[in-house]
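**Student:** According to TrEMBL:
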{"type": "TRANSMEM", "residues": "6-27", "note": "transmembrane segment"}
{"type": "TRANSMEM", "residues": "62-81", "note": "transmembrane segment"}
{"type": "TRANSMEM", "residues": "102-119", "note": "transmembrane segment"}
{"type": "TRANSMEM", "residues": "183-207", "note": "transmembrane segment"}
{"type": "TRANSMEM", "residues": "216-235", "note": "transmembrane segment"}
{"type": "TRANSMEM", "residues": "241-262", "note": "transmembrane segment"}
{"type": "TRANSMEM", "residues": "269-288", "note": "transmembrane segment"}
{"type": "TRANSMEM", "residues": "294-314", "note": "transmembrane segment"}
{"type": "TRANSMEM", "residues": "326-348", "note": "transmembrane segment"}
{"type": "TRANSMEM", "residues": "377-396", "note": "transmembrane segment"}
{"type": "TRANSMEM", "residues": "403-424", "note": "transmembrane segment"}
{"type": "TRANSMEM", "residues": "444-463", "note": "transmembrane segment"}
Amino acid sequence: MWLPVFPQILLAAAFLLAPGLVVSLSLRYRSFDALALAPALSVGILVVSSTGAPFVGLGFGLLPVAVVTVLVAVVGFWIGWKKVATGPEEIGKRPTLWQRTTPFAAFVVACALITWRTLQAIGSPTAFSQTYDAVFHLNSVRFALDTGQASSLTLGAMTGGGFYPAGWNAVATYVATVTGTDVVTAVNITSVVLAAFFWPLSCLLLVRWVVGHDRLATLMAAIAAASLGAFPLLMMDFGVLYPNLLAISILPASIALAARLLKAAKPTPFHVLATCLALLLCLAGLVVSHPTTFMAWLVWTVPMVAFIVVKFSPGIWQARLADRRRFYAAATPVAIYAVVFLILWLFLRPPEEASFWGPYHTAPQAFGEALLVSPMGLAPAWMVAPLVFLGLWACFRTPKKHGWVAVGFTIFAGVFVVVSGFPISSIRNLLAGVWYNDSYRVAALLPVGAVLLVAVGVSWAGNQRHAASLLRRRADPSSGPAKVLTYARQPLARFAVTTLVVVAAISLGQQGGMKQEVAQASKQYSINADSPLVSTDELALMQRLEQTVPAGATLLGNPYTGAALSYALGDRKAAQLHILSYVSPELQEIYDRLGVVLTDPNVCTAVKDENAYYVLDFGTKEVHGGDHTPVGLENLDRNPGVELIDHQGEAKLYKITACPTS
């Protein structure tokens, strides 16, 4: 069923990676680094182009994206080719052919695994998430296609609101444009590309810049990125949180750029201005994709800055009296950083009424889940968890080099324990309110640190040669251990051992939490007679709307029952395009008084003003099991002012005949 859309998946991946790749090459990034940085840069370009297009009278699509890409690439070329760099002239040896090709191979492995699992979870190109937020996200893509605008400044008008961070909506709309597919298929293709291309590329960039060119560490990190149920599949399961899926998929690349600027990465020559431009573009995409993930990036910078302060503060403090200028030059940026962090932490957060989520379970259980990288009741990640422990130990043994990695992971593990296991309180809100006090959103952030810790641990273990050296010194050249060591140094033997380890890691990694999350997510995309949002009968009825309802008409219905999806699925606008859309006085009049339309002329006035002569009746079953049916839409089968014009099972379409259409 997926085979016919594979060309569109590859086409979408190519068009999404191309803008960022052009810019990264202009900034003098090369080989795998250029490719791995492309996703985050592309999101920044799409965000800038979608936001700027309305101001120059352009519809969002290929043209504004191409224009912004060229403009940024020109700036990048001018910056990148200036012979000014910060960093040692040459550190270590030039990477070997195996070291240069390993990240590409690792990406292919991760991409294949995640693609397989994502396709399993979604089930079909025409399936869609049967969740609350799916109503807004699917309709927003249709709205952007119809209006030609996917700007954060205009998309909120769909629901009567203002600014809305529309990074994901711009990406999905762009995919729909370049592939020519319908809304649902375009959204599913977007999910596959974000999960299987953006996420592993971003992770591998972070691993390479922090750990280096260690081949086994690179491979194991790629496998780890494809073996955790907490991300990316959890964001396609719960919510559905497509914006978080996008934002977290590019978060590792943003962390990598910060680490390089703050000298927390592996020492490598780099261009400061080029890195700053890349980071600014990535952060633009991150903020507009989801501000809460930008805050996660900001939290990751805390241990980086802290380790810099610890490293340099003793000498600067001792010299403060003799060289006050140097002291203030060092202290001022840190003070500014602390103030900015505090302001953003206190004010860049969702409103309290949206952060209503309570604890998920007990603190001890949350602690265990964080350690095993198996949050939200997932089975333990038996392949990843032991390597995370190894990574934590490696950070403990090499604190100056990788200590910030352990601290970063520990911070998010701690926040997960608080939000999942502690009762609602002001302290809990202070620590986790940035992420809506939602365990799921915090859980999805754990894999970022886990994947990096896997690489740190494997690399550290591979560099421990003390035991091997001791054995070589003490062993007889003809003894068994010496022969084993001699054999292990042969290229073919190393390749065989590496292959065996990789195959075993893949097999183990696809069990446990990953297997469980695939099963859980697939239930959310299953369309059947009992689906919580849209049943098979309701879908069939909406797919006939182009034949039964004139273009330009507005459909009434209870949005909680999925009736609002008539816009995305049936190309006929619903009165409410989101479950919590603004309800005008005229619409409220219809909701309250349609039952007495024959005796109340004000109802027909409202119907005419809204051009809402059709009603979808999907019964009383709502996506969250509540009861929000407007009084006027109850018992339509007994309302003499409406007429049944189409039905499929229990799904019905009525026309308001009591009100003249002209």
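Including glycine, each Cβ sits where the backbone N, Cα and C put it.
Just so you know, TrEMBL annotations are computer predictions that nobody has curated.
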**Student:** If you count every Cβ pair below 8 Å, which range out of 102-119, 241-262, 294-314, 377-396 shares the most with the transmembrane segment (403-424)?
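**Tutor:** That would be 294-314.
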**Student:** Using a Cβ-Cβ cut-off of under 8 Å, list the residues of the same chain that are 6+ residues beyond the ends of the transmembrane segment (6-27) and lie near it.
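**Tutor:** Tertiary neighbours of the transmembrane segment (6-27) are 33-35, 37-46, 65-66, 68-69, 72-74, 76-77, 79-80, 171, 174-175, 178-181, 185, 189-190, 192-193, 197-198, 271, 274, 277-278, 281.
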**Student:** Excluding the flanking five residues on each side, which residues at least 6 beyond the ends of the transmembrane segment (216-235) place their CB within less than 8 Å of a CB in that stretch?
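**Tutor:** Same-chain contacts beyond the ends: 102-103, 105-107, 109-110, 113-114, 117-118, 121, 194-195, 199-200, 203-204, 207-208, 241-242, 244-245, 248-249, 373-376, 378-379, 381, 383-384, 387, 440, 443-448, 450-452, 454-456, 458-459, 462, 498, 501-502, 505-506, 509-510, 512-514, 516-518, 521.
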**Student:** So are the transmembrane segment (62-81) and the transmembrane segment (269-288) touching or not, going by 3+ C-beta pairs under 8 A with a sequence gap of 6 or more?
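**Tutor:** Result for the transmembrane segment (62-81) with the transmembrane segment (269-288) is yes.
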**Student:** Which residues of the same chain, at least 6 past either end of the transmembrane segment (102-119), have a Cβ under 8 Å from a Cβ in it?
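**Tutor:** Distant contacts of the transmembrane segment (102-119): 2, 32, 36, 191-192, 195-197, 199-201, 203-204, 208, 213, 215, 218-219, 221-223, 225-227, 232-233, 236, 502, 506, 509-510, 514, 518.
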**Student:** With Cβ distances under 8 Å as the criterion, find the stretch in 183-207, 241-262, 269-288, 444-463 that has the most pairs with the transmembrane segment (377-396).
**Tutor:** 444-463
**Student:** Taking the transmembrane segment (294-314) as the first stretch and the transmembrane segment (183-207) as the second, find out whether 3 or more Cβ pairs fall under 8 Å, excluding pairs closer than 6 in sequence.
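**Tutor:** Judged by the Cβ rule, the two regions do not touch, with the required three close pairs absent.
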**Student:** Are there residues at least six beyond either end of the transmembrane segment (183-207) with Cβ under 8 Å to its Cβ atoms? List them, or say none.
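**Tutor:** Non-local partners: 5, 8-9, 12-13, 16-17, 32-33, 35-40, 103, 106-107, 110-112, 114-115, 118-119, 122, 125-128, 137-138, 141-142, 145, 168, 171-173, 175-176, 217-218, 221-222, 225-226, 231-233, 236, 242, 245-246, 248-253, 255-256, 259, 448, 451-452, 455, 568-569.
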